[in-house]
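Swiss-Prot lists 37, 38, 102, 131 with the feature [4Fe-4S] cluster binding site.
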């Protein structure tokens, strides 16, 4: 009895948000932007022992192919315009991970030439603290970003994925 299903179990029903978010969170392509010692730990995370490929994460060298940027290390005021330009070249939706104490809060460098946290210039989605953080910490941060992406609401009216995240004041 009940409604007959002519196609049987060959159809999966899901919301469009859930489907798009699943695709995005299981295929993050981060732009590598290593500025100091944290970059070594980021490279170790991509190596065989930790293997980011199993999470669908493939490092990209071009911002036009990336949907995430990992700021790893000390951000100087001279480097900040370059980071902003790279961020602007990334297609939407895009996410930012601040890796290491220097990227999160300036670290031990409380000086005029160091930006005291990349969140002064870019909207940071995940902070990975440590000096430098271990590869396991970056993996945990990436998994937190995947959780965040999975819960996002998409606006499919004008363009896919232009969320309601607040941008920092210029």
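In case you wondered, yes, glycine gets a Cβ from its N, Cα and C as well.
Shown here: features listed in Swiss-Prot, placed on the structure.
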{"residue": "37", "record": "[4Fe-4S] cluster binding site", "CB count, 10 Å": "14"}
{"residue": "38", "record": "[4Fe-4S] cluster binding site", "CB count, 10 Å": "27"}
{"residue": "102", "record": "[4Fe-4S] cluster binding site", "CB count, 10 Å": "28"}
{"residue": "131", "record": "[4Fe-4S] cluster binding site", "CB count, 10 Å": "13"}
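Secondary structure at residue 37 ([4Fe-4S] cluster binding site), taken from DSSP and collapsed to helix, strand or coil, is coil. Take the mean position of the Cβ atoms of 37, 38, 102, 131, the recorded [4Fe-4S] cluster site; other residues of that chain with a Cβ within 8 Å of it are 36, 72, 73, 74, 99, 100, 101, 103, 107, 130, 132, 133. In the three-state DSSP classification, residue 102 ([4Fe-4S] cluster binding site) falls within a helix.
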